[in-house]
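**Student:** Input: one structure, supplied below.
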Amino acid sequence: MSPQTETKASVGFKAGVKDYKLTYYTPEYETKPTDILAAFRVTPQPGVPPEEAGAAVAAESSTGTWTTVWTDGLTSLDRYKGRCYHIEPVAGEESQFIAYVAYPLDLFEEGSVTNMFTSIVGNVFGFKALRALRLEDLRIPPAYSKTFQGPPHGIQVERDKLNKYGRPLLGCTIKPKLGLSAKNYGRAVYECLRGGLDFTKDDENVNSQPFMRWRDRFLFCAEAIFKSQAETGEIKGHYLNATAGTCEEMIKRAVFARELGVPIVMHDYLTGGFTANTSLAHYCRDNGLLLHIHRAMHAVIDRQKNHGMHFRVLAKALRLSGGDHIHAGTVVGKLEGEREITLGFVDLLRDDFVEKDRSRGIYFTQDWVSLPGVLPVASGGIHVWHMPALTEIFGDDSVLQFGGGTLGHPWGNAPGAVANRVALEACVQARNEGRDLAREGNEIIRAASKWSPELAAACEVWKEIKFEFPAMDTL
């Protein structure tokens, strides 16, 4: 390099390492309506001040790097940098605090959850100055959410397609999840749908294994759907899992489902990836297919209280990427605090506008403008005795999914489905009459079982079954 060139390059540039807080901690900053806002739970290494740790998160998830670079002078850092604009302590935790970070909208590609997460959480979680880091919540501004299609159809369109109103929808995951032949699998689907369920479901790891290839499963399940529809006069569906090893194979399976004339397909959105999920959601809207989403692998990301991402962030990301249903936990039998947190992200899935409410874990007011809503799915260890609580907690706009609670009935699959349908109809009728489901739930189920032998048998089998463990997800 010539002396003349060296002089020009060094004008206004001082090499070396400087504290992040000098550039990225800006408590005077007033957030803009177009900013993406993030709330991080930060656990810094001993000796690292909160302001420096919060600024480091803002820097490493936006424009910063470990040292000053001369190319900073070729752009406007003030326009593009993330800013840590507020820090608050976490009650009961001396070494943790919440850092609020604002990101300019120009940092993100339109309509790409993949790019949004690559920026915000892609690199910073391995930063040495932090012992742990958890993304608790995101505020998605309307200016960004309007660049997404979102759910293929949404709650109202799904109800119109199914012609089902005024109650939660009923589902069932076929068990055993692995090992059945396609024909026996289809038989179980038929029996459950004929008994009164609205949907049956592939489990998350049912793809295309040697014992049951996907095309055979799709054919036998379609036969079960159409036969049960003809017998009951109701529209039925089975969540055909289109998840595959490549996007091309996934779309091929969705195309085959459309050609069969079935109403709904399914995707494992975390293991499949957001790019694949968004592609499938676009295909589903264009071709009239509903899209059920399974959250397999979520606990790897959201289970730890001080590191990872809270599920409410994954739920918001799914609403952007696209899905008509998503699994959201059950609440039943857990602690009250977890109930409030779960209902917080259930509202974020369903409602158009959700106010900030820290008691439910909602850090920001979220306006979804015209983005369709997503039906939460309650699934996992539930049975007929849980029906009053589930109906009261989740309301009509939900899917209540009983796997073992249907297929475990002592008389078989169809009676198991009958028991669940009778229990649901009894709870909905009691609620509509003004009765208190939380207080009178057991009485309502017992009364209904007097005229339904299928329900009476189910009540006897599961009367002692409880899942009482402390909740991991607390405020």
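Including glycine, each Cβ sits where the backbone N, Cα and C put it.
Residues or ranges marked as N-acetylproline by Swiss-Prot on the basis of sequence analysis: P3. The annotation N6,N6,N6-trimethyllysine is assigned in Swiss-Prot to K14. Taken from Swiss-Prot, the feature substrate binding site applies to N123, T173, K177, R295, H327, S379. Per Swiss-Prot, active site, proton acceptor is recorded for K175, H294, and the stated evidence type is sequence analysis. Annotated N6-carboxylysine per Swiss-Prot: K201, in sequence order, evidence recorded as sequence analysis. According to Swiss-Prot, the Mg(2+) binding site annotation covers K201, D203, E204, on the basis of sequence analysis. Taken from Swiss-Prot, the feature site 'Transition state stabilizer' covers K334, and the record attributes it to sequence analysis.
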**Student:** Let me check the 10 A CB neighbour count of K177 (substrate binding site). How many other CB atoms are there?
**Tutor:** 14
**Student:** Want to know which binding-site residues, from N123, T173, H327, are within 10 Å of K201 (N6-carboxylysine) at Cα; which are they?
**Tutor:** T173
**Student:** Find the shortest Cα-Cα separation between T173 (substrate binding site) and the recorded positions D203, E204, H294, and name the residue that gives it.
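**Tutor:** The answer is D203.
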**Student:** Between D203 (Mg(2+) binding site) and H294 (active site, proton acceptor), what C-alpha distance do you get in Å?
**Tutor:** 9
**Student:** Name, in the order they occur in the sequence, the residues of the same chain whose CB lies under 8 A from the CB of R295 (substrate binding site) and which sit 6 or more residues away.
**Tutor:** D268, Y269, L270, F311, L314, L318, I326, H327
**Student:** Same chain only, sequence gap of 6 or more: which residues have a CB within under 8 Å of the CB of K175 (active site, proton acceptor)?
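**Tutor:** Sequence-distant Cβ neighbours: D203, G403, G404, L407.
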**Student:** Spatial neighbours of H294 (active site, proton acceptor) among the binding-site residues N123, K177, E204, defined as Cα within 10 A: which are they?
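**Tutor:** Taking N123, K177, E204 one by one, the ones whose Cα falls within 10 Å of H294 (active site, proton acceptor) are E204.
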**Student:** Return the member of N123, K177, S379 nearest to E204 (Mg(2+) binding site) in space, with distance defined Cα to Cα and candidates limited to these binding-site residues.
**Tutor:** K177
**Student:** Can you list, in sequence order, the residues of the same chain other than K201, D203, E204 whose CB lies within 8 Å of the CB centroid of the Mg(2+) site?
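**Tutor:** Sorted by sequence, the hits are T173, I174, K177, D202, N205, V206, Y239, N241, M266, H294.
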**Student:** Just name the winner among H294, H327 (the recorded positions) by count of other CB atoms within 10 A of its CB.
**Tutor:** H294
**Student:** Sequence gap of 6 or more, C-beta under 8 Å: which same-chain residues meet both conditions with respect to N123 (substrate binding site)?
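**Tutor:** Listed in sequence order: E60, S61.
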**Student:** Just counting, how many other CB atoms are there within 10 A of the CB of the residue listed as 'N6-carboxylysine'?
**Tutor:** 29
